[in-house]
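According to Swiss-Prot:
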- Asp251: active site (ACT_SITE)
- His17, His19, Lys103, Asp251: Zn(2+) 1 binding site (BINDING)
- His19, Leu20, Arg21, Asn45, His140, Leu223, His255, Ala267: substrate binding site (BINDING)
- Lys103, His140, His178: Zn(2+) 2 binding site (BINDING)
- Lys103: N6-carboxylysine (MOD_RES)
Amino acid sequence: MTAPSQVLKIRRPDDWHLHLRDGDMLKTVVPYTSEIYGRAIVMPNLAPPVTTVEAAVAYRQRILDAVPAGHDFTPLMTCYLTDSLDPNELERGFNEGVFTAAKLYPANATTNSSHGVTSVDAIMPVLERMEKIGMPLLVHGEVTHADIDIFDREARFIESVMEPLRQRLTALKVVFEHITTKDAADYVRDGNERLAATITPQHLMFNRNHMLVGGVRPHLYCLPILKRNIHQQALRELVASGFNRVFLGTDSAPHARHRKESSCGCAGCFNAPTALGSYATVFEEMNALQHFEAFCSVNGPQFYGLPVNDTFIELVREEQQVAESIALTDDTLVPFLAGETVRWSVKQ
């Protein structure tokens, strides 16, 4: 006789960092998010990037058109900051409810970020306007100088960019996205109520050994890159502590298989199908399931000044196997934990 499976009921979560891409890829991946999450902060790094209200409205409609009937999902749009962005356009989008936040990519830090910001000084008028109107700044926190080691880029960003910026614009709300280091965990924990962070499932579950020992695992390659074990442990301890300015942001970032399994592969984990169960596994391992709902469903809305979702979902603790791949029009998509047996999954 099998033991009854354990069920975890939580308020419907939100994903505060998500890549949906565009075109056929968007149509394939949207349902994996919209069936579980009430809202998601949608990244603007398309080609070309989303830098105008008009582009954001059109992109939001393409996303909504891809949401299956019966799913109640709201995409929250972001503006891609560039050196030439007009502060008035940004403010208009925020006031009209089109832009929820703006995204700072250091130029060439990650996928489709060649249009990114060359220096914080270059966009200071925009950042000052954001501070004035209360618009959150979302930051990919890595320096991109060629001489700085890839494993050190987040820590260096804190001292050279993040801290000077926050000293200068003390009222600016900042989300330090997808943090990966003890340095960042400590920095956010020691910060004030205007600084928060998101953490991905892969950075909680894995460290760089998992990606590199016994063969390179391209589907664990993302940016910021997985770090050593001490950093992974610091992230796990931060979420397990119940700290209320860290929240769910999957950074789910789909690439077709041939673009991942390549001599020069793309960065990004497509974790939308398995992220929530992965987070539950980590919280269970840390004996911190009492803080799971807040991380998924409460801390984010609280920081953004939005209401929590009023519906609930259930996760069930029973072993299930993750699909090896998901069909695309002319390729396949390999989900995070493909082919593996997972402990927690969303109850259908």
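Glycine is treated like the rest: Cβ placed from N, Cα and C.
Locations of recorded Swiss-Prot features on the structure.
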| residue | record | DSSP (3 states) |
| --- | --- | --- |
| His17 | Zn(2+) 1 binding site | strand |
| Asn45 | substrate binding site | coil |
| Lys103 | Zn(2+) 1 binding site | strand |
| His140 | substrate binding site | coil |
| His178 | Zn(2+) 2 binding site | coil |
| Leu223 | substrate binding site | coil |
| Asp251 | active site | coil |
By the 10 Å Cβ-neighbour count, the most surrounded of the binding-site residues Leu20, Leu223, Ala267 is Leu20
Between the C-alpha atoms of His19 (Zn(2+) 1 binding site) and His140 (substrate binding site), the distance in angstrom, to the nearest integer, is 13
For substrate, with binding residues His19, Leu20, Arg21, Asn45, His140, Leu223, His255, Ala267 per the record, max Cα distance (Å, no decimals) returned as 19
As a whole number of Å, the Cα atom of Asn45 (substrate binding site) is distant from the Cα atom of His178 (Zn(2+) 2 binding site) by 16
The rounded CA-CA distance in Å from Arg21 (substrate binding site) to the residue listed as 'active site' is 12
One residue among the binding-site residues His17, His19, Arg21, Lys103 has the fewest other C-beta atoms within 10 A of its C-beta, namely Arg21
Ordered by sequence, the long-range same-chain Cβ contacts of the residue listed as 'active site' under 8 Å (at least 6 apart) are His17, Leu18, His19, Glu177, His178, Thr198, Thr200, Cys222, Gly268, Cys269, Asn271
Rounding to whole Å, the Cα atoms of His140 (substrate binding site) and Lys103 (Zn(2+) 1 binding site) are apart by 8
Whole-number Å distance separating the Cα atoms of Ala267 (substrate binding site) and Lys103 (Zn(2+) 1 binding site) is 18
Given the Zn(2+) 2 site Lys103, His140, His178, its other Cβ neighbours within 8 Å of the Cβ centroid, in chain order, are His17, Met43, Leu104, Tyr105, Ala109, Thr110, Leu138, Val139, Gly141, Glu177, Asp251
